[in-house]
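TrEMBL has this to say about the protein:
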type	residues	note
BINDING	Asn112, His117, Glu122	oxalate binding site
DISULFID	Cys36-Cys53	disulfide bond
DOMAIN	69-220	domain 'Cupin type-1'
SIGNAL	1-26	signal peptide
Amino acid sequence: MLSSMKGVHFLLSLAVVALAASIASAYDPSPLQDICVAVDDPNKALFVNGKFCKDPKLAKAEDFFTSGLNIAGDTNNKVGSNVTTVNVDKIPGLNTLGISLVRIDYAPYGQNPPHTHPRGTEILVVAEGTLYVGFVTSNQKDGKNRLFTKVLNKGDVFVFPIGMIHFQFNQGNTPAVAFAALSSQNAGVITIANAVFGSDPPINPDVLTRAFQVDKSVINYLQKQFWYDNN
């Protein structure tokens, strides 16, 4: 009788552990835009986390279609690149599917400057040209950030993990083209220089002077520049 009771207690304990594990594995849905402030009055709400869903009966083929990725983007700008994005804003049918696509055109020696996608991992394939690409890890225990780089030629593929600062540079004297998929319907992009030196309103120069450990005049100069957005 005692052994059978111990067996029952063991099974109950196992069931509780399994239930706790299942609860612990649950998590909030990933954000699909930068901010989503809660509001109690639904009549004052603008949108949900992502987009509202159309009645499936009203969906049509055009909801899952776009065109134009055969057209090169204008790279005649300060950074020498142009990103053409195909996300949920271009294809409504991408809503909730967790994927999007971009075409990136590079002028000779142009670059897609250091940036990060807060909501998506990126996998990139080179269609034309040669690119020097890389990403930097988060802060490590030794106080350093590890850099991973690779020179990519036509047909080569490289992955940029979610949230990591990364870049691409066309090191050839001819234009280059790449296509990339991202694991979010709206991965977002934060171009580092633009965000730090071109925010609106500007970050207090005293903060940046101490952070970058340079003279304040350097920060003032950088904040007065026009920071081009290639997206």
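Cβ atoms here come from the backbone N, Cα and C positions, even for glycine.
These numbers come from a predicted model, not from an experiment.
Shown here: features listed in TrEMBL, placed on the structure.
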residue	record	contacts (Cβ under 8 Å, 6+ apart)
Cys36	disulfide bond	Asn49
Cys53	disulfide bond	Asn95, Thr96
Asn112	oxalate binding site	Val79, Ser81, Val83, Ile104, Tyr106, Phe167, Gln168, Phe169, Asn230
His117	oxalate binding site	Phe160, Ile162, Gly163, Leu182, Ser184, Ala187, Gly188, Val189, Ile190
Glu122	oxalate binding site	Val159, Phe160, His166, Ala180, Ala181, Leu182, Ser183, Ala187
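The predicted model assigns the domain 'Cupin type-1' (69-220) a mean pLDDT of 96.
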